[in-house]
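> Next up is a structure, given as structure tokens.
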Amino acid sequence: MSPQTETKASVGFKAGVKDYKLTYYTPDYETKDTDILAAFRVTPQPGVPPEEAGAAVAAESSTGTWTTVWTDGLTSLDRYKGRCYHIEPVAGEENQYIAYVAYPLDLFEEGSVTNMFTSIVGNVFGFKALRALRLEDLRIPPAYSKTFQGPPHGIQVERDKLNKYGRPLLGCTIKPKLGLSAKNYGRAVYECLRGGLDFTKDDENVNSQPFMRWRDRFLFCAEAIYKAQAETGEIKGHYLNATAGTCEEMIKRAVFARELGVPIVMHDYLTGGFTANTSLAHYCRDNGLLLHIHRAMHAVIDRQKNHGIHFRVLAKALRMSGGDHIHAGTVVGKLEGEREITLGFVDLLRDDFIEKDRSRGIYFTQDWVSLPGVLPVASGGIHVWHMPALTEIFGDDSVLQFGGGTLGHPWGNAPGAVANRVALEACVQARNEGRDLAREGNEIIREACKWSPELAAACEVWKEIKFEFEAMDTL
């Protein structure tokens, strides 16, 4: 390179490393309506100031790299860079801060959750200046959410398809989750649906194993659905898990489900990936299929309080990517779910407009505009004694899913389903009459036992079962 060229190239450019906060910490910045906003829980390494840590997150998740590069002069960093615009300490925690970062909308591909996460959480979590990092919340502006189809159908369309109103929907995961033949699996599906459930479900790891290939399972489950519908006069469904090793195979399974005329399929959206999930959601809308979403692997990402991604972010991402149901914890069962936090992201799934509410872990006001809502699914260690609490906590727009709480009934699968349906109907009737489910729940269930021997037997079996552990994820 000639001296003249060197001079031209170096005008306005100084090589070397400089503090991130000089460029990416901008406390005077006023956020725009079109910005994607993020709240990160930051734990800096000893000796790293919180402003530098927050700026590093903004830089490494947007335009920055570890050193100054001369190609910065070929673009407008002020237009494209992420900005850490506010930092606050976390109450009760030592050396933890909430860093608020604003990202310009032009950094993200339209309609792509994959691209959004690749930018915001793709690389920065391994950054050495940080001891730990957790994405607590995202504000998705309408300008971005409108580029997504979202759920294939949404809550109201699902109710219209099923012709079921005024109560939560009832489901059951077929157990044992692995090992049944397709014919025996279909038998269990029929018995549960015939007993009064609305849905049965493939477990998340039921795909196409040697003991039960997917096509055989789909056929026997479809037979069970049609037989139960004919005998009950109600529309029934089974979540046929279309999750597969390739997107092509996944769509092939969904196509076969549509050809069978069943109402709903299922996908494991985290293990399957957002690209696959969005593709399946588009297929489901185009072909009239409901889409049930399982969150297998979520606790690997969201359970640690100071590192990872909070489930409220994964829930928002699912609403954008597409799904009509998603598992959302129970508050009362065997799986993690602190009440106020759970209700916070349940509202983020169902409602059109959600106000900022730090008491429920909601860091930003979220306006979904016209994006359809998602039904939260309560599943995991629940039984008939939990029915009043579940009905009170989740309300009508939910799916209450009892696996062992149906199939573990001492008289069999169908009586287990009867017990759950009777308990639910009793709780809904009591609520509609103005009774307090939280205070009178046990009494309501005992009253219903008098005219349902199936419910009485279930209550006797599970009267002592409790899952009482301290929640990991608290405010």
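We number each residue from 1, going along the chain as drawn.
Even glycines carry a Cβ here, placed using N, Cα and C.
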> Determine which of S76, S370, S379 appears in Swiss-Prot for the same substrate site as N123, T173, K177, R295, H327.
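So the substrate site in Swiss-Prot includes N123, T173, K177, R295, H327 plus, from the candidates S76, S370, S379, S379.
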> For the binding-site residues listed here (K177, H327), tell me which residue's CB has the most neighbouring CB atoms inside 10 Å.
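Neighbour-count leader: H327.
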> Can you see whether DSSP assigns K201 (Mg(2+) binding site) to helix, strand or coil?
strand
> Within 8 Å of the Cβ centre of K201, D203, E204, which other residues of the chain have their Cβ, at the recorded Mg(2+) site?
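In sequence order, the nearby non-listed residues are T173, I174, K177, D202, N205, V206, Y239, N241, M266, H294.
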> For E204 (Mg(2+) binding site), which of the listed recorded positions (K177, H294, R295, H327) have their CA atom within 10 A of its CA?
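Among K177, H294, R295, H327, the ones whose Cα sits within 10 Å of that of E204 (Mg(2+) binding site) are K177, H294, R295.
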> Using a Cβ cut-off under 8 Å and a sequence separation of 6 or more, which residues in the same chain sit near R295 (substrate binding site)?
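Same-chain residues close to R295 (substrate binding site) (Cβ under 8 Å, separated by 6 or more) are D268, Y269, L270, F311, L314, L318, I326, H327.
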> In Å, rounded, how far does the Cα of K177 (substrate binding site) sit from the Cα of D203 (Mg(2+) binding site)?
6
> Here's one to test understanding: among the binding-site residues N123, T173, S379, whose C-alpha is closest in space to the C-alpha of D203 (Mg(2+) binding site)?
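Of the binding-site residues N123, T173, S379, T173 has its Cα closest to that of D203 (Mg(2+) binding site).
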